[in-house]
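Below: one structure, written as structure tokens.
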Amino acid sequence: MFLSLCLMVLALYLLYKWALPKPISSIPYNPPALQSLFGDIPAMIQGTKANNQTHMDWIIQQMKNHESPIIQLFLSPLQRPTVILADFRETQDIMLRRKDFDRSTNIRGLLEDVIPDHHIYEQTNSVFRTHRKLVQDVMLPSFIQKVAGPAFHSNIMRLVRVWDLKAQIADGSPFLATQDIQGAVLDAVYSFAFGSYYKSSTTLPKIEKLEKWNGNAENSSRNAPQSDKPFDFPDVAFDDLINATIDLAKAPQGLQGSPIAKLQAKVTMNMPHFRRVRKIRDDFLRGSLKSAVSKLPSEGGKSDSQAVTSAVEQMVLRETALAQTENRSPNYFSTMMQGELFGLILGGFDTTSTTTLWGLKFLTDNASVQKRLRQALQSSFTKAKAENRSPTFQELAVARIPYLEAVIEEILRCAGATPALQRLAKVDTQILGYHIPKGTDVLFLTHGPSVWTPGFEIDESRRSQTCQAAGEKKDQCWESHDISKFKPERWLGQKLPSNNREKDTDATETAEEFDGLAGPTLAFGLGTRGCFGRRLGYQQLKTSITILIWNFELLPCPQELSSYRTIEGLTSMPEHSYISLAKVDLTTT
């Protein structure tokens, strides 16, 4: 009996020792993590709560504590450590030139019930390539110019009407912009993805309610504006599809940094509420696909891509063409079709709305930048200014305004909407001279040292051969003294006017030119697995920032409503997104 008890204790002890975290040799780590089955989790929970930080803030602090661009953390029980890298050049090299990393498998567990059968969590294989073929047309410049861009512009113009009314009612008081921006962007992405099949709207009910509110003297007197306090506008009820989409977008909130994120996601998505939400999503997707298929020409007829009015119609045409090429029957209602369609919605909705909200904060808190941007816009769209109207999408699409491009690039750099990229080591490999075993997850920070804060000093000999071979880019870094400042000018260079370049090489007259490669930024990732919607994302930000700054002056908000704390979800959005508006008078500016 005693011997059996001793053997049991010994077995439990050996099991405990086996389960303790095991570090990768030489990479810096937190020694206390090796003494707990939960690794770094307790310290991370305590640190984030005590300092009101996100888990990504805490990770960056660990790198500073170790004074190292690469560390390892134990973020899940019974799992190998996650390696963290904060260096733009090495990240760029891995994303663009090296084949020993691929998409991490972790993201599938977080998103597969939110966005079913989507390419974002597939590894780079034949399945991934099949998915991308299906959606490749919706990111072509022709589709953006004819369908996606105009749809986005029209919905941002509806937002202008909402804010015209709110500015009149609030009379200088701040109000929360989050729902307005998210709603307008959601309407926009649904409009270009589904066209006339999308019957809902978040913005039109607001306009109707605000027009009634604005004309009601009783409401106006009961809610007298107070410039130092936020003005609360009445809520507007949305339909089931809009509510379902918003709920699915919010589902990943709280999972970032969780040691059991995949289990939490699975449990959450199988609760009664989310089963109902998923059914609403799936019913809409199938119904829209059915309607789009019904528009196909009869057998023997030719498809007219010029008549396409939505992404769902474009994808149905693409599936038809792929089926003919592959000598198979088209599968219009596959989970892949549905997943890729809904991915257009969530991807475009969450990233664009979050980045726009950050952009409004930066422009509010940097009045000189806002003023210069408005002047640049008015100087470029002279006809729109003379006619006292907003620029049309057609005018926006062809405009090349260096300062606008610089502002957008700086918003993307500073926002950190996607604060990290995750990859999986496919083979035994190295990063900065450290051994990385096959199967190790690596987190590449996009909003930390070398991008948003000063980088670490790294011996050039520790870099990979491909990184060293690209050494002509090693001076592509931001000045440390203002790297954390919102400064669009960092993206502008000087050029000689084209008519002087050949005629007079000694000419001193110069003009500003946007340089998208001026320094480190990772907002859209890099390489094959970079953001698929990058081209559309730029166009959407160009439209939203232009139209909103054209129509409104963003006034300072009280400090207590202007923090830069973030909420972690699919993206990292600002906790405080308050704005105070004054209408721009084009006749006097």
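The chain as shown is numbered from 1 upward.
Using the three backbone atoms N, Cα and C, a Cβ is placed for every residue, glycine included.
For the annotation N-linked glycosylation site, the record in Swiss-Prot points to Asn366 among the listed residues Asn366, Asn388. As annotated in Swiss-Prot, N-linked glycosylation site applies, among Asn52, Asn327, to Asn52. Listed by sequence, the residues of this chain that lie at least six past the ends of the signal peptide (1-21) yet keep a Cβ under 8 A from its Cβ atoms are 33-37, 39, 74, 77-78, 81. Of Asn243, Asn366, Cys531, all annotated as recorded positions, the residue with the shortest Cα distance to Asn52 (N-linked glycosylation site) is Asn366. A gap of 28 Å separates the Cα atoms of Cys531 (heme binding site) and Asn366 (N-linked glycosylation site).
DSSP assigns Asn243 (N-linked glycosylation site) to a helix in the three-state reduction. Every protein chain shown contributes to the tally, and the Cβ of Asn243 (N-linked glycosylation site) ends up with 14 other Cβ atoms within 10 Å. When Cβ neighbours within 10 Å are tallied across all protein chains shown, the highest count among the glycosylation sites Asn52, Asn366 belongs to Asn366.
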